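Copied from TrEMBL, the annotated features are:
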ACT_SITE  ASP169  active site, charge relay system
ACT_SITE  HIS219  active site, charge relay system
ACT_SITE  SER530  active site, charge relay system
DOMAIN    160-572  domain 'Peptidase S8/S53'
DOMAIN    383-439  domain 'PA'
DOMAIN    608-713  domain 'C5a peptidase/Subtilisin-like protease SBT2-like Fn3-like'
SIGNAL    1-19  signal peptide
Amino acid sequence: MKSFALLALLPAFLSATSASAAVSPSSIKKVNTLPTVANKFILEVDTLANIPTKRSFKRSLDAVYASLTERAVQYEVRKEFEVDGVFVGASLTINDAKDVAAVENTPGIKAVRPIRSFKIPVLKEKHVLTGPNDPKLPPTTLSTHIMTGVDKLHAEGNNGKGIKIGILDTGIDYNHPNLGGAAIGSNSLVIGGYDFVGDDYSGSSEPIPDPDPMDCNGHGTHVAGIIAALPGNDFNMSGVAYGAKLNAYRVFGCSGSVTEEVLVDALLKGYRDGNDILNLSLGGADGWAASSSAVVADRLADRGMIVAIAAGNDGDEGSWYSSSPGNAYDAISVASVDNVVIPLQNATVHGVTHDPITYYETFPLPVEGVLPVYATSKDTTVPDDACYPLPDDTPDLSSYVVVVRRGSCNFVVKLMNIAAKGGKVTLIYDNGSGFAPISVGSYTASLIQAASGEFLVKQFAAGVPISLSFPQSGGSTNYPNPAGGLVSSFSTYGPSNDFHFKPAVAAPGGGIVSTMPLAQGGFAVLSGTSMATPFVAGVSALLLSAKGKSPAVAKAARSLFETTATKLPSSYSDNDPLQTLTQAGAGLIQAYDAVHATTIISPSELVLNDTAHFKGFHTFTVKNTGKTAKKYKLRHSPAGTAVTVRPGTIFPALGPVPQVKNAASVSIIPSSFTVRPGQTQVVVANFRPPTGLDAKTFPVYSGFIDVVSESENYHVSYLGLVGSLKDKQIVDNTDAYFGFPVPAILDAEGEIQTGATNYTFADGDWPSFIWRLTFGTPALRIDLVDANINLKPTLNSRALHLPPFFTFRPGGKGGSFAKVKTIGPLASFDYITRQGELDDGYNLLNLETPVFANGTTIPDGSYRVLIRALRVTGDASRQEDYESWLSPIVGIQNKL
């Protein structure tokens, strides 16, 4: 039996915490905030196993319960899950640590997994729209449909009719006119659903389910609108698949988190209710596909459901930070792309005939009336305009719009000098640095384009009486977003720790207009991969509506989306590479091209592995499903190589992750060919990794093999790593984060233990173990070992100082793990991700009473704490495949 459980529970005697910023040791709060729920597990039953008590029971679950009772295991059943062929199991509360091992070793149990929790997604932008003239409203609200070809499918009459989509989220305001405006029912847009948790559920409280999935948060209603909002509203927006029907599965309360037992229950209900597609705009950094929610999502996808899951909004954290349950192998993990248009404001020109002047603000500058223009310099090439105090003959500028050129000094310096002459309103014209938001402090000022500024200055210099006004409504303009069509900066970087393609594909998620609960204004602009994911769910509905609902079509959807996606640039500079696939996936989804594809490429992903397991030889097939013969040409399009670790350190490179042009090379045979209708061509691709890279920075290279016919463009995506994953250091052994080296032991006063120290466990006299990870690990184990153990740790040197009043080694049976003799386990965590550099920065484990993870008392004696992390691709039975840290001597003198 494979176990994913924690050997250590986290009750009163053992607790853990994580935090996000460097702090002094004594200020660290010793509370449990890890994303696992203390004392609660999900066990999975092997329904085919030969359970001794099975013959006496109709259900495998009952046979397992009987076996647990025979073993005197104390447990409480919280929730049962029974969908044959998908998942059979239960969530349990186990309060006694010694019972966990007994559960793991009970016949018929396939796995025991700790329960994780996920917070309601933190959105990167939120603005509730006030009406059709709201300046935040993009003038072209269907821009996301145009950039993905959804508009073309709508023009053909395809709106997703006949498809059912289940949304696992905060619920849906089904009273919203554009979401049906009626009670849940078969004739409504929202045909069903369930509230698994209740309004007051926080993730740590007990769920109070009820039949009504009404949304009191807003996130789920926005997601629902992206999928299926009906046309015909003041904001000119509609869902991608507004003909589809929705089931609302509420898994969040009004705020807080959700645990996996709720998610697993909702996933299985979504399957039982006959949904064709499931949307999960939720998750958290994980790096592995081992969590219960990921396992169940993967199995549903394997049985022919399309499961779209958000990639996450942790782009700032850098690479190797993929999200669960989005790590599920066969789910579609979705990245975000920024909307191609943004709403900017216009100033009206008076005195001469000229187009309005666009300035870079979402909301109008608070300026009343018509103000004449004054330029601080008549020279439009001046490099340091207003960087110094203005001349004495400068008039009182309080009644002017002051125009000044960008350059040489800080914007605020210019504005201070203008304000010294009474200036209250300023337009700064660009000098070629780029038309984008600027920081102006508390001043009323904004940036305009160079041409606009030069025009105003020339009119002023010529003595033309030119003036400007700033309309407070109706002045919004549809301006091309400079970052539009690029991957959103917040979108999470992969790949997963076991080197799978995560994310798979991207969709519009930055600056998206959609529905909100009526109590919250009805419509809003939000940003996040939470917004990109329902877009993919909607496109999936269009695909199923066009090609028919079948497991075969559903299973092929991800490959079809990947091979027809548009490759994404890393910027709009000519010399920059395509964006790394670790953030962009296979590119921006193209709905029309996917639905009308007449070429099928399989597989759509080529994983080249790391250097130690390099697989350079691959084959894929190109099938012509059209009605005429097609001639194809194949070529290589490399993307940027992501330098995922900061040079000279063990730490991840934060986002935006640096990219270099060192690319793989590939020979393609054949590189051109003709395929008759219904026929298939096998293609051989032989890759060679890029050169000139530092393997210690773990560069991830990626790109495409383009498959191009006269009228179509397809591609196969690939991903590889220079360096060996087994060489990536996992445990942080530096002082970079705290200012003191970790791992470490904190004594009763919160100070770092540097020598042998005794603990009595009376009056708070107990040790705390603190560590942090710079990379994910399949297994982290914390054990007590003999003080005189003959072991050379890989991460530190040890000090062999015995406490003065302990001169013996404790007796007892002891044990071993990976050929290392141990006294007993304190904790064990399987498949965990690295710490964030900006959030969740460390872990802390408190040994509040002298008790092992198996529930037995730690005898008085002298010990060391051994922390070990299994390297990725390592062999769990080999000590050589673990990183190890050995503590100073810990003396146990129990006075409780």
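Backbone N, Cα and C atoms are what each Cβ position is placed from, and that goes for glycine too.
Recorded residues ASP169 (active site, charge relay system) and SER530 (active site, charge relay system) have their alpha carbons 10 Å apart, per Cα-Cα distance. Averaged over the domain 'C5a peptidase/Subtilisin-like protease SBT2-like Fn3-like' (608-713), the predicted model has a pLDDT of 98. Following the DSSP three-state reduction, the secondary structure of ASP169 (active site, charge relay system) is strand. Across the range of the domain 'C5a peptidase/Subtilisin-like protease SBT2-like Fn3-like' (608-713), the DSSP-based residue counts are 6 helix, 56 strand, 44 coil.
The active-site residues examined here are ASP169, HIS219, SER530; by Cβ neighbour count within 10 Å, the least packed of them is HIS219. Cα of HIS219 (active site, charge relay system) to Cα of SER530 (active site, charge relay system): a span of 8 Å. Applying DSSP to the domain 'PA' (383-439) sorts its residues as follows: 12 helix, 10 strand, 35 coil.
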